[in-house]
Amino acid sequence: MENLLSTVNAILITGPTASGKSALAVELAKRHGGAVVNADSMQVYDTLRVLTARPSEVEMQGVPHHLYGHVPAGAAYSTGAWLRDVSALLPALRAAGQLPVFVGGTGLYFKALTGGLSDMPDIPEALREELRGRLLMEGPDRLHAELAEVDPAMAAGLNRQDGQRIVRALEVVKATGRSIADFQGQSGPVVIDAAQARKIVVLPERAVLHARINGRFEKMLRERAEDEVRALLALGLPAEAPVMKAIGVSQMAAMLSGEMTRDDVLEKGAAATRQYAKRQMTWFRNQMDESWERLTL
């Protein structure tokens with residue numbers, strides 16, 4: 001077994017959904033005595049293991065995996081929260097001599113990891129819950145009008161129906177008395193020095209990726225992902241909860257209510273996944289510079 005700890009501080013692997021990056025992470029972790037660390041914003045939740053393609057015990061192949069399924073479905077979990085969890089985890093991995101292998105399709109996580117994300121303030125949970133509740137009861141227009149009174153420049157740049165961003169801007173100004181724009185201009189802490197990491201972006205050919213996406217969604221249906229969605233819906237979470245926006249939730253909810261057939265779910269779920277993968281591919285091509293290795297798996 002080759003150990004890279006003396007030459008690199010981490011391996012970073014990203015790419016669109018269904019690109020094969022999780023299997024690559026396991027392969028590299030086994031080769032270099034590493035541990036896999038999740039960098040996917042949907043795979044952090046303790047629900048939807050099948051629907052979010054969280055690695056199974058078989059797929060993990062005995063390699064330690066961290067930050068998967070550790071967040072309750074209804075909990076607020078931001079990029080900053082993920083970064084704090086990573087910062088708390090890394091000393092233990094270093095002490096064990098394990099090379100961290102980060103893998104996931106959430107580009108902002110990688111920007112945060114290497115210090116390219118704004119250092120946002122902590123928001124009191126009570127304030128966050130209050131504003132999320134008001135968003136549900138009053139709607140985004142009302143909160144947008146309130147934001148316009150205290151931070152007109154930020155309000156002017158936001159879509160009046162973008163409830164999540166409106167709430168985010170409001171909670172920052174209420175908690176700090178400052179515009180969120182003030183914090184967006186500041187760089188966050190560097191947790192992983194990008195210059196000392198091996199960085200890989202997996203960019204499969206379009207036809208290959210689409211075939212994998214179709215196959216993955218068929219597999220999810222065979223593994224009864226709708227049971228996960230049924231359990232999720234039973235929690236009564238607000239539609240604004242991030243976990244409710246996982247691809248496949250709305251389609252399977254429609255199937256459970258009799259509004260869609262299983263074939264409809266397969267077609268529409270796979271189509272939504274392909275669109276998401278297309279957005280990811282565009283983001284990676286624009287954001288990942290030449291220091292990232294391009295792989296086609």
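The backbone N, Cα and C atoms fix where each Cβ goes, glycine too.
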Swiss-Prot annotation (region 'Interaction with substrate tRNA') - matching range among 20-23, 40-43, 216-219: 40-43
Feature region 'Interaction with substrate tRNA' in Swiss-Prot, mapped to one of the ranges 119-123, 164-168, 274-278: 164-168
Alpha-carbon distance [Thr106 (site 'Interaction with substrate tRNA'); Pro16 (ATP binding site)] in Å: 9
Predicted model, mean pLDDT over the region 'Interaction with substrate tRNA' (40-43): 97
Among Lys21, Arg128 [recorded positions], residue with fewest other Cβ within 10 Å: Arg128
